[in-house]
């Protein structure tokens, strides 16, 4: 298996794995608050930017997402490789990538992974989170009508701009996405488990999981 340069290996490379709605973005936000040097690399945000702008890549991704399918590896591997090269010396949180074994193998050609965290959240909790989720498109801020509502219904707290539900945040699309995710992720988790890199943290809320994640990252940063 190809290996990355020593420069890339010297920086922390932490992958967060979890089903749609498991709280990867929230965990990244908490980590960046407590460890300001960390840089989040979210392929989900990058792809949504392309979809909002209507680029050729965005149009292809939008059709697949609305059908409940994963975006093919070929559409994101080059984008991630470019980001890794630009941020070779920065400690990175990879949010939403890799999602498949093929993506993980591609990633290994460009950098060495420090650790992989699997956010183990029950499917019933994920369903509630996503079906009640509202997003501010420009900033990516996320609200939940059940437990984290905006101050004014339908409006972003900071800008007052309207919130939106993502086109794929429907029960039918979500059920398909969760099944596709489970099928694609099982070999990915086994791939990293065989390398001794996998850490699995279980909980119903991000606040239950985060103390375990914070302790892990604090220790890893001392080594990198």
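Even glycines carry a Cβ here, placed using N, Cα and C.
As recorded in TrEMBL, the features of this protein are as follows:
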- 21, 22, 23, 24, 25, 26, 133, 142, 143, 206: GTP binding site (BINDING)
- 43, 48, 69, 70, 71, 103, 166, 177: AMP binding site (BINDING)
- 133-168: domain 'Adenylate kinase active site lid' (DOMAIN)
- 42-71: region 'NMPbind' (REGION)
- 132-169: region 'LID' (REGION)
Chain residues in Cβ proximity to the domain 'Adenylate kinase active site lid' (133-168) (below 8 Å; excluding those fewer than six residues from its ends, i.e. six or more beyond): 21, 25-26, 45, 48, 52, 62, 65-66, 68, 174, 177
Residue from 21, 23, 133 whose C-alpha is spatially nearest that of residue 70 (AMP binding site), among the binding-site residues: 21
Cβ packing number for residue 48 (AMP binding site), 10 Å threshold: 19
Residues of the region 'LID' (132-169) by DSSP state, where helix covers H, G and I: 0 helix, 10 strand, 28 coil
Cα-nearest neighbour of residue 25 (GTP binding site) within the listed binding-site residues, 43, 69, 71, 166, 177: 43
Among 166, 177, the most crowded of the binding-site residues [Cβ within 10 Å]: 177
Residue pair residue 133 (GTP binding site), residue 69 (AMP binding site) - Cα distance, angstrom, rounded: 20
CB within-chain contacts under 8 A for residue 23 (GTP binding site), separation at least 6: 119, 121, 129, 205, 206, 209
Alpha-carbon distance [residue 21 (GTP binding site); residue 43 (AMP binding site)] in Å: 15
